[in-house]
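**Student:** Positions annotated as transmembrane segment by TrEMBL: 7-29, 41-62, 82-101, 113-135, 147-165, 185-207, 219-242, 272-296, 308-326, 338-358.
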Amino acid sequence: MKRNNDVILSSQLAAILSTTIIGVGILSLPRDVAEGVGPDSWLLILIGSILALIHGLLMYCLVRKFPGETLVEFSQTLLGKVLGKVISFGFCIYLLIFSAVEVRVFGEVTKQYLLFNTPLEVLGITLLILAVYLARSGIEPIARMSEIIFPIATFTAVLIILPLMPELDMSYLKPVLRTPIKKFITTIPAIFFSYVGIEVLLVFSAFVKDPKKIKNGVFLTVGLVTFFYLSITVITITRFGLEETSHMTTPVLELFKTIDIPGAFVENIEAFIMSIWILSVFMTLAVIYYGASLILSRLLGSKEQNYLVLPLMPIIYFLALIPDNVAQLSEYMEKFSLYMGTFYISLVPIALLVISGFKKKKGGNKSA
């Protein structure tokens, strides 16, 4: 039986997934798609959303067969104890690397745009300490925080962007459908990183009060994230143009720097937006940090995961310091999302779903 702080609603699951997916990927998304497919960037985002929805529904089809279980339990049921534990431990490592990427990107961006003189190490440790506190609290407090932060971040971004609307040049989205198919295919990995995070469904689905409503959470998540991505990308490209957008490191932050709201109660819009973004990154880190500690605790046969949160902190911290510079960090992020992301978002759920189908069929034949 689940404790009170181990139960979440499908709407809270959607808030957790949405916050986790958007996290860091939103900063460079307009640049990646503009560089890859030019005026058809909006179409690539829609294609990416369809792929994300398909993968999310595949995960739903898998986890609904094992209500109340995480990847750790049902992978052992389907693959055997040894291979199941290997896959689960690999997912734990994956989430730890994911956490390290969040910490390093947070440090680099915050140092560049907000706290110029603060050492990278101090920024990283500060974020980790805050994430440790929330990750030790349990899934339900994380869900409630996500429910608060995601709507605030989304509403604030939309509200601040409204003054830019008269300055947008929609001609930057023309000509339509002139991009070669080959370019679409080669650019898909770029947008794939922006949907990394949906795979935590393999862990957090175990805590949903009504497992039948997990599908609603998947649809809501993909819908919200796609709307947010599409809006930000179209506005960024039509504000700066394709050429300029494709050469910016973080075009979304550059977009907010150009906003001037006469009579606004906040003078430094950039710092205000950075604060909202920091909250989003904090939530993303807390979610995946909790996921990593939970998987490890289940592998060790422990009923509690909070005592493992603190020991994982130095591992994440030192992993975050491995890249020498921003260019190397971007290279690592691309490889991480392409290989490990593809493995746990696509290959593992599909393989487990197929195996579960065969086992069910085999069991049905035996009973017949």
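Glycine is no exception: its Cβ is also placed from the backbone N, Cα and C atoms.
Whatever TrEMBL says is automated annotation, not expert-curated.
Each of these features: where is it, how hidden is it, and who are its neighbours?
**Tutor:** With a threshold of 8 Å between CB atoms, the same-chain residues lying at least 6 positions outside the transmembrane segment (7-29) that come near it are 45, 52, 101-102, 105-106, 109, 139-140, 142-144, 146-147, 149-150, 191, 193-198, 200-201, 204-205, 207-210, 213-214, 216-218, 220-221, 224-225, 228-229, 232-233, 249-253, 277, 280-281, 283-284, 287-288, 330.
Within the chain, the transmembrane segment (41-62) has long-range Cβ neighbours (under 8 A, six or more residues past its boundaries) at 21, 29-30, 33-34, 74, 173, 177, 184, 187-188, 191-192, 194-195, 198-199, 201-202, 205, 214-215, 218-219, 221-222, 225-226, 229-230, 233-234, 237, 345-346, 349-350, 352-353, 356.
Sequence-distant contacts of the transmembrane segment (113-135), counting only residues of its own chain at least 6 positions beyond either end whose CB sits under 8 Å from a CB of the stretch, comprise 99, 103-104, 106-107, 141-142, 145, 250, 253, 270-271, 274, 281-282, 285-286, 289-290, 293, 306, 309-310, 313, 316-317, 320-321.
Long-range contacts of the transmembrane segment (185-207) within the same chain: residues 2, 6-8, 13, 16-17, 20-23, 25-26, 29, 32-33, 35-37, 44-45, 47-49, 51-52, 55-56, 59-60, 62-63, 67-71, 91, 95, 98, 139, 214, 218, 221-222, 225, 229, 284, 287-288, 291, 294-295, 333-334, 337-338, 341-342, 344-345, 348-349, each at least 6 residues beyond the stretch ends and with a Cβ under 8 Å from a Cβ of the stretch.
Among residues of the same chain six or more beyond the transmembrane segment (219-242), those with a C-beta under 8 A of the stretch's C-beta atoms are 10-11, 13-14, 17-18, 21-22, 26, 29-30, 33-34, 38-39, 41-42, 45-46, 48-49, 52-53, 56, 150, 154, 157-158, 161, 164, 167-170, 172-173, 194-195, 198, 248, 251-252, 254-255, 258.
Residues of the same chain lying 6 or more positions beyond the ends of the transmembrane segment (272-296) and with a Cβ under 8 Å from any Cβ of it are 16, 19-20, 22-24, 27, 70-72, 88-89, 91-92, 95-96, 98-99, 102-103, 105-106, 109-110, 113-114, 127-128, 130-132, 134-135, 139, 142, 145-146, 149-150, 152-153, 156-157, 160, 197, 200, 203-204, 253, 256, 266, 305-306, 308-309, 312, 316.
Below 8 angstroms of C-beta separation, residues 96-97, 99-101, 103-104, 107-108, 120-121, 124-125, 128-129, 132, 135-136, 249, 289-290, 292-293, 296-297, 300, 302, 332 of the same chain, each at least six residues beyond the ends of the transmembrane segment (308-326), sit close to that stretch.
If you look at the transmembrane segment (338-358), the same-chain residues 6 or more away from its ends with a CB under 8 A from one of its CBs are 55, 58-59, 61-62, 65, 71, 74-75, 78-79, 87, 90-91, 94, 97, 189, 192-193, 195-196, 198-199, 202.
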**Student:** Which residues of the same chain, at least 6 past either end of the transmembrane segment (147-165), have a Cβ under 8 Å from a Cβ in it?
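**Tutor:** Same-chain contacts beyond the ends: 11-12, 15, 18-19, 224, 228, 231-232, 235, 239, 255-256, 258-261, 269, 272-273, 276-277, 279-280, 283.
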